[in-house]
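Some notes on the structure that comes next.
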Amino acid sequence: MGKTLKSSVTSNRRRFLKTTGASVAALTLAGCTSDDTGSGGDGGDGGDNGSDGGSGGNQGTTTGSSGGSVDEVVIGSNHPLSGSLAATGVGMNNAIKLAAMRKNEAGGIESLGGAEVNVIQGDNQGKQELGGQVTEELLSDGANVLTGCYSSPVTTAATQVAERQGVPFVISIAAADNILENRGFNYVYRPQPPARRMASDYADLVPTVVRDNGGTLDTAGLFYINNSYGQAIRDSLRETLPEQDVEIVEETAIEFGASNANTQVSRLRQADPDTIIASTYVAGGVLLAQALQDQSYRPPHLTACASATFTDDKAVSDIGDFANGVLDNNYALNPTTDKTAEVRSQFTENYDQEFSASVGMAYTAGEVIIQAIEEAGSADSEDINNALKQLQYEDHISAMGTIEFNDAGENINALAPVNQVQDLSVKVVYPEEYAETSPQI
Amino acid sequence: MPQIDISVVTFPLQGGGLDRFTDPLVQFLTDIANLDAVLLQLLAFGLLLGGVYALTALGLTMIFGVMDVINFAHGVFLVVGMYTVWLVSESLGISPFVGIPIAAVVLFVLGVVVHVLTVEPILEAPQQNQLIATLGVLLIIQSAIEIVFTPDPQQVQLSLGSLQVGGVFIPLGQLYALIIALGTMLAVRAFLNSTDLGRRIRGTADNRDGARYVGINVKRINYLTFGIGAALAGVAGASIALFQRFDPFTGETYLINAFVIVILGGLGSFPGAFVGGLIVGMIQVFGGYYLPGTTAQVLIFLLFIGTLLVKPEGLFGGADA
């Protein structure tokens, strides 16, 4: 249009600039905070963690004036039900509901006379600024115990509120170390391995798998999502890979919501490492695979650390044959127990969704909460919190040992085994106690 | 060719945090001095990405240029275009390329409906009213798509691959999007310059009151403009679907970039949108390659702020925009 369409009124232009500028700034800020806290620090938690014990949490829904028998115990599920993380977030929320449904079908909380487990949900949209707000809303709606949030920055904000209110929070998925590190939390627990553990598991397991099967893995290029989760994995890999004689020769980040990974792959192609290690949400890994194919490049070993992409059946299917052979160490479903198949079948039947490793990890978090309620014999948040501290839970479907938490709230037996995409199916290949097939290098 | 190393050059204030910027600059200059082949590859990627960005900004700049309306629903119009081409190709088995004009028609109709129902009644109200109304439209359509199609990402089953020209890889999907962007821009420009309706639209953009005085049906021009702007978003969304997975929320990132491009290039300016798109694309690609992390994004928004401060009318703006 150039010289054809004139904005005749200058003040209109100024209004546009002013209004749009403010709007774009707001949108951008929202995007930045939702996707990327970036600091790798402790999320600005203000240093007042848990000092007051909060309100003591909610007491559950009771019948009778004395509050003797409990009708139901409420789990507040704080996940991204809309926004670009919703595809996985909705599945995770459904997994929590399934855990509750299975318990209710089995008679409810036995130690509470068959009280029902009720799940209420809140949508954090994957935005950090909503993490705390949704938590507050779930608590005011009567949640006795909380879970969430998939995105690490969101979880950082949500757990701060839970801690302040004195209500236990079991993280469904969120990898960043700093969610629990140096925050002095007393009410937050994480069944999954945190970033540092996943990175050390990568360094311990993946080079071993490659080398034991005749491959070479001396150099690596990192491809990570630029938020607290991706940065935490990157930082940990920097520490752990050299211990296994793997040199990092390139690092490149992708922005949340990026439209392609062409530039990043150009950098990786120039460095030509033995392996590219991807640490991204689902979309980032898909973009990586597409850019690699567009540039006709694939390192000898395409691997991932804590990446959601290569444990997601739909993403693997969308990527196609190029996904075959990718090694990804991440939390995984335990293929060696019958319960896994049973839960998977029930989930797909009820929700018409894939039961991915991420969804499975959320299911495990749901079961951890329910088991803690059972052992507490109470709907009181403080009692549930005490039960979580003592919990030893074996009958779960994740590929790791007994779930029990240390003083910081981390699961001391958390594990990120090695998965491999074989025939467009995600399979655990190492360590052997959880392996359903052998790795193909 | 002997390799040139200019890393020995010391820049003022080099050291500490400044290395974050000076080291990449040294590397960039070294690559230029050595005529490194990677530069050509990055140039190609920048051009392709910039073309897509420009395409996403065309409809936004047109609607503002004529109507002074900030259309926040533009992002979700892109998404409707993506889903249209996907539906056409998946359900009817028609080539996704045929889906592109279909998306344009669907979006034109949707644009007219949105305009008549939400924008027209408050067109003369203060500008923030239209902004809020179109933001509401965005949320409604986005939620409707999420309810109908779930938040699961979708993709058009089209494996286009890439061209290799002298060691430079050109992803064909993005190349087609660039060609569509250029073609669309030329077509709309020809429409505005060479048809009666186009001239009426330009006249209305020049002076809405004056247009009424000479007998132009401004109300009709308004909904046609909104429809055409939405159709341009449809074409953009449909083109993006050729090479990228999408979900109901994919439009958000493109919307933010489109605002930056429109302001950078000049409000209401098609060439401005194109050049603005290329600048943003080049910064993302070259910045992404040379700068650590995602520092390139910071540069883009610094440029955005700088434009607002120094040349708020944009590169192609001013009295003639």
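Even glycines carry a Cβ here, placed using N, Cα and C.
According to TrEMBL, the transmembrane segment annotation covers B:38-62, B:69-88, B:94-119, B:131-149, B:169-192, B:221-243, B:255-282, B:289-310.
Contact between the transmembrane segment (B:131-149) and the transmembrane segment (B:94-119) is supported: at least 3 Cβ pairs lie under 8 Å, counting only residues 6 or more apart in sequence. As a quick check, the transmembrane segment (B:94-119) and the transmembrane segment (B:221-243) clear the bar of 3 or more Cβ pairs under 8 A, pairs 6 or more apart, so the two touch.
Taking every listed stretch (B:38-62, B:69-88, B:221-243, B:255-282, B:289-310) in turn, the largest tally of C-beta pairs under 8 A with the transmembrane segment (B:169-192) is reached by B:38-62.
In summary, the transmembrane segment (B:255-282) lies against the transmembrane segment (B:289-310): three or more C-beta pairs, each 6 or more positions apart in sequence, are under 8 Å. Nonlocal intrachain contacts for the transmembrane segment (B:38-62), taken as residues 6+ away from its ends with a CB within less than 8 angstroms of a stretch CB, comprise 31-32, 71, 74, 77-78, 166-171, 174-175, 177-178, 180-182, 184-185, 188, 225, 228-233, 235-236, 239-240, 254-255, 257-259, 261-262, 265, 267-270, 272-282, 284-286, 289. Packing against the transmembrane segment (B:289-310) from elsewhere in the chain are residues 20-21, 24-25, 27-28, 38, 42, 257, 260, 263-264, 279-280, 283: each is 6 or more residues past its ends and has a CB under 8 Å from a CB in it. Nonlocal intrachain contacts for the transmembrane segment (B:69-88), taken as residues 6+ away from its ends with a CB within less than 8 angstroms of a stretch CB, comprise 56, 59-60, 63, 94, 96, 98-100, 102-104, 106-107, 110-111, 114, 119, 123, 127, 130-131, 134-135, 137-138, 141-142, 145, 149, 154-156, 226, 229-230, 233-238, 240-242, 246, 248-252, 254-255, 258.
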